[in-house]
Structure formats: C-alpha cells, structure tokens
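A.B. asks: If you scroll down you'll find the structure; I have some questions about it.
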C-alpha cells in the first residue's frame, strides 16, 4: 500500500455522527510514524530553548562578550548547515541521506545525546570563565546541527507523504497531539526541578527525556515512508537515489536560484524570519521577564511553572481546535488574523501599563500560545511552495529538504539575533548588576522590560501582516476534489 493510500485509509467523517466516529476510530499508521519524531523532538527542543539562556547567564555566569561570540558562531553555523543538509538529503546517493526515514533513524541517537551537552558543566565555572563560553558554543552548534539533520528529513516527509490537503491536515493533527504530549516536558521539568533551582533533579530529568525522545524518533526511522523512497526501484532498475546526478556546486547554485526567485517563497521567508525571532524572544526571556515584572506574592513559583507549561502545551490545543477553520478558510487567513490579534493585544497591554500583573501574565502566556500555534502551521505553506516548484520545473521528485533548508538559511539567524539584541538592551540598563542596583535603576530596568514585552510583538506582527498580505497561494484548502483517496 502506498503512502497516499495509507493516509487516505484513515477515518472518513462523511455522514457519521460524533459517536460513530469515535467507535470507528482507527490510527493512521503513516501519520503516527511521522508524528513520533515530533513527539521526541518537542520533548527536548522546548526544554533546550527555554532553559539554556538562563542557565549560561544566571548559573554559569557566562560573560556578555562570550555569549555574543557564541551566538555569532551559532548564527553562521545555523544558517549554513540547513541548505547544506537540505542539498545533501535531496541529491546524495547515500541512502542514509536520500531516504528520509534513514536520516531520522541514524540521526536520532546523536540528536538526543547532543541535548544533554548544556546541562553538565565541564568544570566549576567562575564568573566570566572562557570555558563556559566555549561550552555554550559547542552545545548550540552540536544540538542545532543534529536537530537540522533529523528535522529536515521530517519536514520533507510532511511534503512527500501525501500531496492531498486533507491528508496534510491529518499530519498536522497528529503532529499537534504529539507536540502537546512532548511539550508537557516543560511542565514536569519546571515542577520537579523547581524551575531549575534543584539542578541535580533537572539533570536527571534531562537524561530521562533524552532517552524517551530517542526511542520516539527511532519509531519514525523504522516505520515511516515517503512516496519517493522507492520510486524507480522495480526489479532490474536503479533506485532514484542511484539515478541522481553527482553532487556539484553548479547544481546547488542552479537549484538555489530557482527556489530563491519564487515570489511566494520570498514573502514566506520574510514573514517566517520575524516569526522565528519572536519564538526565540519569548522562549528565551519569558521566564526572565516574568520573574522581574511580576512579584512572587502575586504569582507564586507553582503558578509560574504552570504558566510556562501552558505556554508550550496550549498552542497544540489551539491548533487542534482550529481544524475546522483550516478546512473552511485555509491557513493563509488564519495566519493573517493571528498577526492582527497579536498586534492588537500588545497595544492594549501597553496602554494598561505594567502594574496590571495578572493582565501581563495572561498576555505573556497567550502571546506564547498564539505565536507557537501560528508557527505550527508553517509546514502547510512550505508544502504548497514545494508542490508549485515541482510542477513549475517539472522535477521527477520534489526538492523538499532544499526548500526547507533554504528557508532556514534566512530565518534561523533570528534564533541568535533575538537573545543577542535583547540581552544587550537589558545589560545597558543594568541587568547584570540588578542584585546590587539602586531602587531607581531597578525600576528603569523593569520599565525597559515592559516596553520590550509590548513593543516587540506589536511591531513585529505589524510587519508580518504587511508582508503576508501579498502571499498568493491562498486557496489550497479548496482544491481537494482533484485528489481521490484509494
């Protein structure tokens, strides 16, 4: 049975009642295999992005200079490795690269292992220790390199398992359920380690999560399948990987140019850069902003842990609850309306002021949820762009990994720019010296933090809305009638 048939053999809603749907529920094996990597990756990615800045700045006492140097190296590596791995996965003759499931199978153990790098110091660091800066650089580059290798293959699977919009929505549904389960690692980690105050408990939990995430991703490696994995593999013929022309710089340049001259790709990448920036901004600094702006007597530690957990768990619930909207109005309008809502809420909180602590806590949590939920839909426009590129250039197989990788080339720098810019601004107003600061200086620092919390989402969402309004693939949700599920 082909992957199209496997996807199409899921539950048909038809005229069934809700009760009949539940009685006839059947797990879609292709979607389950795809989603297991989402489950494993979300377990470790959320913990990594949420805690590493606080760990190196507050616990390891990494200097601002070393932090910026590490982020600059990471930014270059982060941008470079995505198109490189994308080109190799789409054009390599080695099965471990050209077959998506094998890339995940071989990369998953190393990916989970690299997650553990930050949480175990190489020695007892003193403030400004150069080794803590090197530790940060190695941890960031190793984790991102292996994340890229594994998740590029999974992103390619998203586009290649099926070209049917409804089947892709099913992949989103399974992925969101998996992400919901994986994101609970943030909640359990915060509660068990008291938001990293019990560092030994945090380290033990990290090891457990690494093992579980590896097992989940290995399931994808064993059981997932792309429509193009065995294309041309009939008896006596060479597989498509064996027919691929040799890797060359000239071919890379040609393919990159074809992707980069796509107008919709340009618009998506511009919008996505700001989304990546916002995700990094909130993941890295929500805990810091909350601790500084909301007093402990207003929001106790357990409430803050629940708030952080909600910021990672609720986006999946929001996406799952919007499946009907995805079918009815499509991802284009949902993403656009999200930008309008984000900018409007930020403006409202700015007007209300920093003393509305519960409003501020709700805004931080809801903004995390909104931005993460919107970000979860971005595989849909990229998959449509891949389909359009396949038809336009009459390719025998899609450049799925290259499109995702080229997108990352321009968007991943946002992951480094956000912490670098925000930390520089905070340190200009005494964040490093906050424990010894006078009350007036501390109030100024808190004012700067509040304006960052409000103005950054408001300005970024406005720019994103202006860019996204020009995107042209708006109605892919209405063309399912040309596909027939077997």
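We count from 1, first residue shown onward.
In case you wondered, yes, glycine gets a Cβ from its N, Cα and C as well.
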A.B. asks: Looking at 102-122, 228-248, 291-311, which one is transmembrane segment according to TrEMBL?
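C.D. replies: Checking TrEMBL against the ranges 102-122, 228-248, 291-311, the transmembrane segment one is 102-122.
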A.B. asks: In TrEMBL, which of 72-97, 358-383 is labelled transmembrane segment?
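C.D. replies: That would be 358-383, per the transmembrane segment entry in TrEMBL.
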A.B. asks: According to TrEMBL, which of these ranges is transmembrane segment: 7-30, 199-222?
C.D. replies: 199-222
A.B. asks: State the non-local partners of the transmembrane segment (265-285) in its own chain: residues 6+ outside its ends, Cβ under 8 Å from one of its Cβ atoms.
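C.D. replies: Here the qualifying positions are 46, 49-50, 53, 259, 311, 364, 367-368, 371-372, 374-375, 378, 381-382, 385, 403, 406-407, 410-419, 422, 452, 456-457, 460, 463-464, 467-468, 470-471.
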A.B. asks: Does the structure show the transmembrane segment (199-222) and the transmembrane segment (449-468) touching, where I'm treating 3 or more Cβ pairs under 8 angstroms (sequence separation 6 or more) as a contact?
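C.D. replies: Contact between the transmembrane segment (449-468) and the transmembrane segment (199-222): absent, because fewer than 3 Cβ pairs are under 8 Å.
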A.B. asks: Go through 102-122, 134-159, 171-193, 449-468 and flag the stretch with the largest number of C-beta pairs under 8 Å relative to the transmembrane segment (31-53).
C.D. replies: 171-193
